[in-house]
Amino acid sequence: MEKWSLMTITVLLALTVRWAVSLGSYSGAGKPPMYGDYEAQRHWQEITYNLPIRQWYFNTSDNNLLYWGLDYPPLTAYHSFVCAYIAKLINPDWVALHTSRGHESQPHKLFMRATVFVADLLVYIPAVILYCYSLKETSAKKKASTWCVSGALCILLYPGLILIDHGHFQYPLSLGLALWAVLCLSHDWDLLGSVAFCLALNYKQMELYHSLPFFCYLLGKCFKKGLKGKGLVLLTKLAGTVLLSFAACWLPFGTDVDQIMQVLRRLFPIDRGLFEACMFSSPHPLPCPDKVANIWCSLSVLIKIKNVISPRTQLKLSFAVTFLSLLPACIKLTVQPSLRGFKFALVACALAFFLFSFQVHEKSVLLVSVPVCLLINEIPFMATWFLLVSTFSLLPLLLKDGLLLAYAVTTPAFLAVCLASFSILEKTSAEDLQLKAFSHSLKGYVSWFKSFPRIVRSLFLVSLSLMGVLSVLSAAVPPPPSLPDLFPLAVSIVSCSHFLLFFVYFNIVLLWDSKNRGQKKMS
């Protein structure tokens, strides 16, 4: 009973923080003609409610694709339709065709914010709570109970997701569904987990970041059971489940090949080029001022990739580098499938996509951060560090949206909660960071690990100081006229440098994980 009371308080605190952030500004507020993501979501409600399904993804006189044309999979469109139906009952002006464009009012803002709250309450928050309850340590029940509440508190107070969902404006449904999929797999409900992940993928195509770990883990599980017996049966069931799930989601579009191809073209606009994921959909698009903390944006400071490499070559280059960076984790997970390895592979693969893939948006870092949240009980120090850096990498976008105060309050608060819950500064040994197997493999260099905790703590404090200084400079100091993007670029490069080191770290932990330890299940 006490544990449930503490969890209730945790959820209420998380909701209070979300409510406080939602009181502030949102993406594109009062900035015509394109406004921002808030208007994009409202416009999709307008389109899906007033137009027949066959016109949702096509450019017509009633659906100008250059003005926030629908570019997410069918489940996003269906969700927009449901929200629009409710909006129509409250105030038809909110979704009136053409005349509602750029609509901004306090009642409508309250409605839109409420739809995000409902999505959080119905999908994301329950998944987090049940995930934390599903983690049982081998130690005393009291300790397990403490972790359950502390873990849920840290995950639910992760500022990056709160600031983007309830500040900038975004729905947490795809990430919530992906969490449900992880939860199902942790209980060996593989078919339900497959359905949940298919729903996540059909809500946002960016869930492809997580697709290979799901595929490799389940395929490895089939191999382990034997492809001439139970493994073949499981593989057949999984294939049928995936096909039926996709068929159900795409049913309204499945009768027309042109419809399917047009939806796919909208989902994967490869002609935009390597850097154009964050361009406004306008007749004369300009590069978005937000700098993505991945390798391509960082390299472009030294090498103008857009000027020396054609768009098609950019696509091939990013595909090759991404594929090679994914390969070690995928092979390891397929050969030695384990739930622990699966969670680390989710992080490693998502981070590889974020760093090296084509058309990455700065918000895509959340696809890495949520799996990192799932590891906060195993590697609290590194998980906290990564989550702080991921939030910092969003700073240029948050400043543009007027969310500086929310960022300045939620980020230190999150750090304080992690310090209090897990004493992270005391968990920096090679064993605490899951690097013991790696340290043994170095043989002659093992002695260097004696000072490892002190070195790691020092790097962490230097990192925090650097992020703090850049945050203050970005918010308070005007950049030189000749270098207007100086601070966003600095944030991007610093964040990218961190992410590259984290990428190496997560792969080391996964690849050096012993077979016996790797087979431990998340109970």
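Cβ coordinates are placed from backbone N, Cα and C, and glycine is handled just like the others.
Quantities reported herein were computed from a predicted structural model and do not represent experimental measurements.
Look at TrEMBL and you will find 1-22 tagged as signal peptide.
Among the features that TrEMBL reports, transmembrane segment is placed at 110-132 (among others). Within its own chain, the transmembrane segment (110-132) has Cβ neighbours under 8 Å at 7, 11, 14-15, 18-19, 22, 38, 41-42, 83, 86-87, 90, 94, 147-149, 151-152, 155-156, 165-166, 169-173, 175-177, 179-180, 182-183, 186, 373-374, counting only residues six or more beyond its boundaries.
Same-chain neighbours of the transmembrane segment (144-164): 3, 6-7, 10-11, 13-14, 17-18, 21, 125, 128-129, 132-133, 135-137, 170, 172, 175, 363, 365-366, 369-370, 373-374, 376-377, 384, 387, 390-391, 394, 398, 403, 406-407, 410-411, 413-414, 417-418, 421-422, counting only residues six or more beyond its ends whose CB sits under 8 Å from a CB of the stretch. Residues or ranges marked as transmembrane segment in TrEMBL: 144-164 (among others).
Taken from TrEMBL, the feature transmembrane segment applies to 176-201 (among others).
The feature transmembrane segment is assigned by TrEMBL to 231-253 (among others).
What TrEMBL records for 341-358 (among others) is transmembrane segment.
Sequence annotations record features per position, and here TrEMBL assigns transmembrane segment to 365-392 (among others). Panel annotation: around the transmembrane segment (365-392), residues 128, 131, 135, 147, 151, 154-155, 158-161, 163-164, 175, 178-179, 182, 206-207, 209-210, 293, 340, 343-344, 346-347, 350-351, 353-354, 407, 411, 414-415, 418, 421-422, 424-425, 427-428, 432-434, 456, 460, 463-464, 467, 470-471, 491, 494-495, 498-499, 502, 505, 509 of the same chain, lying at least six beyond its termini, place a Cβ under 8 Å from a Cβ of the stretch.
Look at TrEMBL and you will find 404-425 (among others) tagged as transmembrane segment.
Taken from TrEMBL, the feature transmembrane segment covers 459-477 (among others).
Look at TrEMBL and you will find 489-512 (among others) tagged as transmembrane segment.
When Cβ distances are compared across the two stretches, the transmembrane segment (231-253) makes contact with the transmembrane segment (176-201), since 3 or more pairs at least 6 residues apart fall below 8 angstroms.
Sequence-distant contacts of the transmembrane segment (489-512) (same chain, six or more residues past either end, CB-CB distance under 8 Å): 291-295, 297-298, 301, 325, 328-329, 332-333, 341, 344-345, 347-348, 351-352, 354-355, 379, 382, 386, 389-390, 392-393, 395-396, 433-435, 437-438, 441, 463, 466-467, 470, 474.
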